[in-house]
Amino acid sequence: MVLKCNLSGSRFSPLVVLELASDTKEEAIAWLLSRIRDKQQNGGAELLVEQLGPGAGAQEKENPNMFLVGATQQRLLSGAEEVGLFKEFNDGSMRGFTCANKHNFTDFKGDGDSFLSMAECQYIIKHELDTLRAKDETHVPGHTQAKLYPGKSIIRRLQSKGILVQIFPLHEQEELKRLSFSWYKKVKLSFQPLDNIRHYYGEGLALYFGFLEYFTFALVPMALIGVPYYVFDWEDYDKYVVFAVFNLVWCTVILELWKRCSASLAYQWGTLSRKKAFEEPRPGFHGVLGFNPVTGREEPLYPNAKRQLRIYLVSLPFVLLCLYLSLYVMMIYFQMEGWALSIHDEDPTFWTGILLFIPSIIYAVVIEIMNLIYRYAAEFLTEWENHRLESSYQNHLVLKVLVFNFFNCFASLFYIAFVMQDMVLLRQSLATLLITSQILNQFMEAFLPYWLQRRRNKKLIRKVQKRQTLGDKELPLAEQVRLEADMSTYLGTFDDYLELFLLFGYVSLFSCVYPLAAVLVVLNNITEVYSDAFKLCRVFKRPFSDPAANIGVWQLAFEAMSVIAVVTNCALIGMSPQVKAYFPESETQLILWTVAIEHGLLAFKFILTVVIPDVPKHIQIKLARLEFESLEALKKKVKT
């Protein structure tokens, strides 16, 4: 079903929804709509926009200030050139789209109606709205508190002042049904439809699901080795050395090969060589009005020294305090563990055997709760630090969250392994933490949002059915828009990558003492594919496309974890009785040999990063050829 909307006698496909606050002044609405519709040469966005009609529940309180935004095909094509969209050229290479050369692109047929995907069209409209800039207005009409600065983004200003409630892209129901069927509705052993995911949701999400799929397949060899290792050799704890050595090689190689896989996908999707757009300040950024020497515009400025003071005098001590609290909770857990063990030793029965697992389960639940509370605190602090750019905000947030989550999830395991040196307890704790966290994550990520959304959907559908006499199950446009507006907002892949990061840690750090860890993570990842796909298609609003070329800062996070894994596994090998037998008289010599091997393996990791190129050779040649042709074309242009 392609949604259509009447606009002054003509029809256009609504792509994006703007929802303004219900108390927005009429003059502010009229001003914003005129700026959106105005010609580009006059500083407008030159888009099509119409107010959404009343829905079936109009008798109840509904926000009337909802607007549908679309564009003509020609406007979308010119927008594709503006954002630097890469498409497949006739010679098979990926090139930046230009309207002058449009007929030389592989998929351009006729007027180019099907040349751009709906996700690309929505991304273009979002870009055009974001680059809608204030001219000589001093404030939003009717809202004197919402000051405007010449050359600054109007949409971002409206968001920061609460006038613009939300902006989101619409679902295309027929295409969504086809994607759902090929993705998660049919349980089958096959690859995910990454090209279809990219076509509908954009490159950022497609790369996440590509990484999830890659990580799952990369775990299969470890899982296959782990099962017989667990079944036949487990009673002999000394035999984890071979598995630890395999861990060392595995965690290094898979990350290097992923870079190549990621580069191939990014080139195929046209984002590898795409130039990054100039970053505008975040909507929440504030400061004293000043002059930006880069853009030449007036905008709020905030001293970097003041931001650094906030980071080092407030944020850093807060993070350290949270780490101390995490350590305190861990010591309480060990006291509970000792209490359960003493009861079991006094009277070993079936129930006291069950009691041994209770402290670990409680601790795993407490860890998840602490991670959740800390996440909100980290977001508040990072917002308070007042970062100018979204990328800077994300980097600082990721760093805070990763440090705490790593310490909170793995501190007890490090303590058991290297202070208590109790491999039996390490195995039990790792298994309990891993299984409990996976169950809690599945509940929080899939079942709870689905249940809440289903309740909201039922309420709206009942209202629609009261007004509908036809038995048609397809919702009218107004109801479909309001249904989607009421859906939860997808907050990005942050939490999904964080979960994979922690699972990677459980496998790479300590799976040599619990070989079934890889099997559990494989099973978790398979269910994760289906639950994440279900959430995106049924629970959340459609997110805007993110033209990502890689997994960003998470690549660095996974590589840091793999370095820690080398140190951890070397230490575990050095502690094993098999290795200790070679150094019966000198513990110092054993430590020196362990450190030397660990340094050698880290050097090997570094050599691998140099030897294995991040971008495959055939893609490097294509990129170099494209750059050469661009330079030649520029020379000819200069000569003429």
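Glycine too: its Cβ is placed from the backbone N, Cα and C atoms.
Residues or ranges marked as domain 'Anoctamin transmembrane' in TrEMBL: 197-625.
Under the heading transmembrane segment, TrEMBL lists 205-228 (among others).
Annotation source TrEMBL lists transmembrane segment at 240-258 (among others).
Beyond the ends of the transmembrane segment (311-334), by six or more residues, the same chain brings 359-360, 362-363, 366, 370, 374, 377, 381-382, 384-385, 396, 400, 403-404, 407-408, 411-412, 415 to within a C-beta distance below 8 angstroms of the stretch. For 311-334 (among others), the entry in TrEMBL reads transmembrane segment.
Among the features that TrEMBL reports, transmembrane segment is placed at 354-376 (among others).
The transmembrane segment annotation in TrEMBL covers 397-418 (among others).
Outside the transmembrane segment (430-452) by six or more residues, the chain places 357, 360-361, 363-365, 367-368, 409, 412-413, 488, 495, 499, 502-503, 506, 510-511, 513-514, 516-517, 520-521, 524, 527, 531-532, 534-535, 538-540 with a CB less than 8 A from a CB of the stretch. The feature transmembrane segment is assigned by TrEMBL to 430-452 (among others).
The transmembrane segment annotation in TrEMBL covers 500-523 (among others). Within the chain carrying the transmembrane segment (500-523), a Cβ under 8 angstroms from the stretch's Cβ atoms is held by residues 211-212, 215-216, 219-220, 222-223, 225-227, 229-230, 234, 237, 240-241, 243-244, 247, 250-251, 402, 405-406, 409-410, 413, 417, 423, 426-427, 430-431, 433-435, 437-438, 554, 557-558, 561-562, 564-565, 568-569, 572, all 6 or more beyond its ends.
Sequence-distant contacts of the transmembrane segment (205-228), counting only residues of its own chain at least 6 positions beyond either end whose CB sits under 8 Å from a CB of the stretch, comprise 191-192, 194-195, 197-198, 243, 246-247, 250, 254, 258, 261-262, 265-266, 269, 493, 496-497, 500, 504, 507, 511, 515-519, 521-522, 525-526, 528-529, 532-533, 536, 543, 546, 548, 550-551.
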